[in-house]
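Visitor: Right, I'll just put the structure down here and ask away after.
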Amino acid sequence: MIDAVVVSRNDEAQDICSFELAAVDGSLLRFSAGAHIDVHLPEGQVRQYSLCNHPEERHRYLIGVLKDPASRGGSRSLHEQIHNGARLRISAPRNLFPLAQGARRSLLFAGGIGITPILCMAEQLAASADFELHYCARSSERAAFIERMRGAAFADRLFVHFDEQPETALDIAQVLANPQADVHLYVCGPGGFMQHVLESAKAQGWQEACLHREYFAAAPVDTQGDGSFSVQLNSTGQVFEVPADQSVVHVLEQHGIAIAMSCEQGICGTCLTRVLSGTPEASRPVFLTEQEQALNDQFTPCCSRSKTPLLVLDL
């Protein structure tokens with residue numbers, strides 16, 4: 001864990017604030033484009049926020065936070081309680097959304113607050129890589145970091161699309177035409193926006209291996225069909241029943257076995273656990289690729305279920 005202090009807080013757009021964090025002892029760990037940190041909030045919540053400053057910077061971490069009406073308390077706490085000089089505990093950076101090695105060209109797509117990891121990618125790619133960035137927002141008032149991007153070295157590769165300005169509409173079919181194996185796509189934003197970009201890419205013939213995404217929130221899941229199952233800990237042989245209305249994490253907690261977790265939605269990867277036997281319900285760790293899901297060898301015990309009566313976990 002890192003003890004951090006809020007050096008500055010700025011309004012970046014309507015309902016979006018940035019928070020510049022520095023280590024109390026002056027040292028911060030390296031990070032790569034696409035990385036995020038866990039932020040431990042005053043009321044006990046832990047939330048993940050993408051780093052959006054240049055990845056070569058070592059003196060600060062910059063995060064952007066949307067005050068979401070559907071917030072479970074995290075974004076509201078930051079907006080209403082955290083000001084300059086506030087102390088926060090944060091994790092080391094972790095990256096589940098890295099840039100692909102060896103890509104000849106990159107297409108970056110961001111919707112709303114999804115600009116945060118994408119902006120960091122653009123900063124890294126700007127030095128020597130071929131890319132373009134498409135940023136979609138409802139209006140100019142809701143476009144975060146827009147002036148920073150328009151003044152950046154990659155401004156000529158920035159394309160901004162506002163819902164209120166139909167003439168700026170994104171022609172996704174044209175942008176995604178002629179897919180190639182060494183061209184990679186990255187997308188982050190609201191679920192509907194991401195689905196539109198990814199489905200459009202697949203319709204154009206893009207390979208799954210070239211499609212990269214990061215979700216900030218999981219889509220609603222119908223849990224009515226959830227049933228009970230059992231998990232076995234490989235290290236001890238203990239077996240625990242998981243009722244339909246409880247998660248694996250909560251069941252293990254009741255027996256004194258703690259698993260680090262954060263989002264409880266299968267999006268952050270904190271609790272990702274190897275499955276040694278049995279078949280997990282693979283769609284709920286939404287950050288896994290289709291190929292990774294097909295392996296059936298890992299799942300997120302904060303929310304994932306099982307297709308088989310027993311899962312043997314690498315715990």
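Just so you know, glycine gets a Cβ as well, placed from its N, Cα and C.
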Visitor: Same [2Fe-2S] cluster site as C263, C268, C271 according to Swiss-Prot: which of C210, C303?
Guide: C303
Visitor: Does DSSP give C303 ([2Fe-2S] cluster binding site) helix, strand or coil?
Guide: coil
Visitor: Quick check for the class: what is the C-alpha distance, in angstrom and rounded, between L119 (NAD(+) binding site) and Y49 (FMN binding site)?
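Guide: With distance taken Cα to Cα, Y49 (FMN binding site) is 13 Å from L119 (NAD(+) binding site).
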Visitor: With DSSP as the yardstick, break the domain '2Fe-2S ferredoxin-type' (227-315) down into helix, strand and coil residue counts.
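Guide: Its residues divide into 13 helix, 22 strand, 54 coil.
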Visitor: Could you tell me the mean pLDDT over the domain '2Fe-2S ferredoxin-type' (227-315), as a whole number?
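Guide: On average, pLDDT over the domain '2Fe-2S ferredoxin-type' (227-315) sits at 85.
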